[in-house]
Amino acid sequence: MVGDARPSGVRAGGCRGAVGSRTSSRALRPPLPPLSSLFVLFLAAPCAWAAGYKTCPKVKPDMLNVHLVPHTHDDVGWLKTVDQYFYGIYNNIQPAGVQYILDSVISSLLANPTRRFIYVEIAFFSRWWRQQTNATQKIVRELVRQGRLEFANGGWVMNDEATTHYGAIIDQMTLGLRFLEETFGSDGRPRVAWHIDPFGHSREQASLFAQMGFDGFFFGRLDYQDKKVRKKTLQMEQVWRASTSLKPPTADLFTSVLPNMYNPPEGLCWDMLCADKPVVEDTRSPEYNAKELVRYFLKLATDQGKLYRTKHTVMTMGSDFQYENANTWFKNLDKLIQLVNAQQRANGIRVNVLYSTPACYLWELNKANLSWSVKKDDFFPYADGPYMFWTGYFSSRPALKRYERLSYNFLQVCNQLEALAGPAANVGPYGSGDSAPLNEAMAVLQHHDAVSGTSRQHVANDYARQLSEGWRPCEVLMSNALAHLSGLKEDFAFCRKLNISICPLTQTAERFQVIVYNPLGRKVDWMVRLPVSKHVYLVKDPGGKIVPSDVVTIPSSDSQELLFSALVPAVGFSIYSVSQMPNQRPQKSWSRDLVIQNEYLRARFDPNTGLLMELENLEQNLLLPVRQAFYWYNASTGNNLSSQASGAYIFRPNQNKPLFVSHWAQTHLVKASLVQEVHQNFSAWCSQVVRLYPRQRHLELEWTVGPIPVGDGWGKEVISRFDTALATRGLFYTDSNGREILERRRNYRPTWKLNQTEPVAGNYYPVNSRIYITDGNMQLTVLTDRSQGGSSLRDGSLELMVHRRLLKDDARGVGEPLNKEGSGLWVRGRHLVLLDKKETAAARHRLQAEMEVLAPQVVLAQGGGARYRLEKAPRTQFSGLRRELPPSVRLLTLARWGPETLLLRLEHQFAVGEDSGRNLSSPVTLDLTNLFSAFTITNLRETTLAANQLLAYASRLQWTTDTGPTPHPSPSRPVSATITLQPMEIRTFLASVQWEEDG
């Protein structure tokens with residue numbers, strides 16, 4: 001997508017002298033001796049990374065060097081589906097065929113050895129690659145080796161940064177970079193991150209890129225006010241210090257703002273989709289324009305060069321789906337380069353033009369040996385003009401956002417079971433199981449027009465289709481793995497509609513089994529809820545003991561749900577058996593007071609309005625009056641200030657004060673031994689269940705919104721708002737991609753003086769997992785089950801946007817309003833509300849947020865299945881760990897990497913100074929020896945975050961900052977398998993393993 005209107009340290013260069021031979025394609029797998037006692041091998045190779053710049057073109061140090069970067073920006077779905085874009089179908093919607101782009105580019109590169117091109121989207125490139133002949137693949141490998149075809153970024157997609165979870169970002173980057181490593185070796189390893197189109201940039205994204213080994217980061221979009229200031233102060237390029245916990249330069253990343261977003265300069269677009277005049281150098285032609293073009297280009301280059309600090313400037317030569325006829329581009333660029341450079345001798349012009357790449361441009365900046373300013377916040381929210389804040393997409397298509405988050409959860413369970421069961425997961429009694437389709441579908445969903453909700457409706461439908469089709473082979477894999485690990489061949493069932501209380505097996509069977517798998521590194525006590533048809537059931541735990549259970553009636557539908565608490569070990573499962581008992585009349589609990597409570601929390605509701613009015617933490621003796629209700633903003637369709645309307649990208653209400661969905665709610669109180677609920681009905685299209693389970697330290701709000709009525713001609717943007725008397729001084733806090741927390745201040749930006757044109761939309765920020773407010777004593781935190789937009793628009797208040805339905809397009813290229821066909825879309829979701837003392841709040845919200853993202857997975861079976869192995873007794877409980885992980889450590893990744901290799905990531909999930917009461921912010925030491933029960937680790941190699949290079953061989957360019965020298969790590973030393981995790985540190989390993997014979 002193109003255009004803001006979507007149309008047309010240590011001293012720099014510490015390793016610059018090392019330009020020796022490239023590392024071979026086997027760099028990730030150097031020969032290691034067998035390990036009698038397990039250890040991790042660290043080798044110091046501080047200059048290996050600089051070798052990758054040896055193919056860069058020569059520059060002229062005494063001139064202004066203009067780096068022309070030919071590129072195409074190929075959205076992995078937007079106006080057309082992924083397949084439609086790749087094959088060039090429906091060009092009446094948008095003329096775009098990626099397969100033809102790559103065909104044409106390769107041909108044009110071969111025609112002139114000085115030409116260069118960068119490619120980004122590996123989802124497309126890998127598909128194209130598989131269709132090529134061996135001869136073509138050999139040619140492409142040589143182009144890559146010579147640096148004429150270079151990959152930037154290297155992820156499966158160019159992911160969104162506002163609505164993505166860090167675990168899914170890491171996964172999609174790993175998928176793309178692994179393809180490049182296995183296909184081209186280190187020759188194809190990208191050196192720069194390239195996010196030219198995402199609509200704002202998160203600090204966590206920069207941190208992840210730095211930990212993946214990138215030398216720099218280029219992007220196109222930033223707030224128009226921010227860009228204006230940066231141009232004046234020569235801060236279009238700086239070092240982004242992207243973590244407050246990781247020691248510099250671990251999360252430091254050199255960052256460059258491209259001068260023209262990612263488009264060619266005006267008048268210099270020579271794609272077949274453009275209308276600019278080609279270069280006519282024949283003086284005899286009446287269309288001769290070469291002299292004027294050269295004059296124009298020299299002025300353009302000189303003016304642009306004044307905005308940057310070195311004798312180098314970059315021009316992006318390409319845009320959306322360009323280069324389908326690459327010759328039109330390259331032929332004119334060849335002429336431009338020749339004509340401009342001829343002026344050096346003819347007229348003494350001090351401008352040198354060359355084909356280049358972002359990495360080669362970065363290399364020259366590094367050699368300039370300058371000191372750079374440091375940025376510590378992020379680039380949200382993004383506005384491309386007054387009244388034009390791109391904060392609507394934080395909440396657009398909430399159903400797809402939830403499906404993506406559920407699929408991430410499901411994929412991690414699938415990956416873990418594949419790792420625990422080994423080859424038995426892939427081939428077993430249920431067929432061929434495979435995690436790859438869901439892994440690829442999830443990677444596609446991270447694209448900046450997918451989970452963001454900014455594609456057309458039929459494309460959003462196709463994204464959902466890809467996820468659904470990816471689940472199926474994972475279900476087969478999980479069935480094989482569970483049979484192998486449990487010793488029972490059951491007819492496993494996966495009820496995908498449990499969120500709307502539909503599961504045929506539990507609603508019809510007299511007896512069934514419930515297998516609960518826990519992907520967390522510690523045991524969980526988790527409430528199982530299943531739709532049933534009777535009122536009395538007997539539930540037995542894995543040891544055959546009867547456990548308490550309840551059947552509650554859902555007032556809105558008069559259906560029943562069975563509840564029981566399941567205790568599930570770390571990275572393992574428990575099997576519970578359920579059987580019907582003779583029916584009894586359900587006992588109703590009556591209470592005049594609208595109060596629900598357990599041993600930790602009490603929630604009171606206003607008897608006159610039915611709204612939540614008070615929350616009390618009984619454990620910490622905290623009482624907070626809090627009112628929660630639903631409101632809606634009337635979506636702007638344009639006014640006398642601006643024609644800008646609310647749309648898929650843009651949030652713009654036509655007034656600052658939202659309207660009540662209802663001032664009161666009809667209520668129904670449900671009290672049972674295992675749950676207490678207040679059912680609130682606000683309107684025909686908005687309801688909520690406020691719920692408390694025993695031993696639960698948070699209040700659960702399960703909301704249902706939609707279909708949003710628009711018969712009155714008004715688009716509506718629905719929020720859930722919490723109002724308190726907390727003195728919050730204009731401050732609130734949001735997560736960055738589900739990881740570190742950033743402080744937000746109303747009507748304020750840390751690096752420039754804000755002219756606020758939209759008091760509501762201009763204060764919205766992305767919320768991936770949590771938002772909170774605090775007065776320094778008490779903290780009110782709300783956890784989300786998907787990405788949403790959120791804010792605190794007045795002191796003591798906190799709001800989250802849960803749904804939007806709009807009647808007008810926002811003129812950013814989609815060309816259709818965010819208005820699902822038919823009656824509209826109804827959406828269900830959850831907010832978890834925590835009230836804590838500030839010093840203990842992090843311990844609560846960190847661990848609860850982890851459980852939300854990696855929730856237990858329920859698998860059902862009829863029971864009575866045959867034994868998997870006749871000689872082995874079945875087991876009804878299993879843990880993949882011999883000992884639990886400490887609470888501050890998260891098992892981020894456990895997945896198959898090769899026939900006898902696993903990918904393992906361990907993460908410290910607390911920030912520095914975040915928790916002092918339980919020392920959860922302290923470093924944690926783990927012994928990986930015999931940690932896992934299903935396999936033995938025989939060899940361990942530590943890698944960078946995306947697992948595409950050994951950490952021992954990874955080296956990044958070094959930069960000097962205005963904050964002073966940054967000490968770089970000393971050469972690594974061999975250490976034992978006992979590893980230490982610092983706060984917010986993620987360590988990644990490739991583990992050679994041997995599976996236990998009996999699983």
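Including glycine, each Cβ sits where the backbone N, Cα and C put it.
Among the ranges 1-25, 51-75, 301-325, the one that Swiss-Prot lists as region 'Disordered' is 1-25. The candidate list Asp197, Asp215, Asp223, Asp593 contains one residue that Swiss-Prot assigns to the Zn(2+) site with His73, Asp75, His448, namely Asp197. For Cys503, the cysteine that Swiss-Prot lists as its disulphide partner among Cys474, Cys495 is Cys495. Of the listed cysteines (Cys274, Cys360), only Cys274 is recorded by Swiss-Prot as the disulfide partner of Cys269. Cα to Cα, Asn369 (N-linked glycosylation site) and Cys274 (disulfide bond) are separated by 39 Å. For the recorded site, Asn634 (N-linked glycosylation site), the DSSP three-state label reads strand. Cα to Cα, Cys269 (disulfide bond) and Asp75 (Zn(2+) binding site) are separated by 19 Å.
Across the fold, the C-alpha of Asp75 (Zn(2+) binding site) and the C-alpha of Asp197 (active site, nucleophile) stand 9 Å from each other.
Put simply, His448 is the one of the recorded positions His73, Asp197, His448 whose Cα lies nearest to the Cα of Asn634 (N-linked glycosylation site).
Listed in sequence order, Ile502, Cys503, Pro504, Leu505, Thr506, Val858, Leu860 are the same-chain residues six or more apart from Cys495 (disulfide bond) with CB atoms under 8 A from its CB. Here is what falls inside 10 Å of the CA of Asp197 (active site, nucleophile) among the recorded positions His73, His448, Asn640, Asn681, Asn755, Asn919: His73, His448. Asn681 (N-linked glycosylation site) sits 64 Å from Asn134 (N-linked glycosylation site), counting Cα to Cα. The subset of recorded positions (His73, Asn134, Cys274, Asn755) lying with their Cα within 10 Å of the Cα of Asn919 (N-linked glycosylation site) is empty, i.e. none. All protein chains considered, the CB of Asp75 (Zn(2+) binding site) has 28 other CB atoms within 10 Å.
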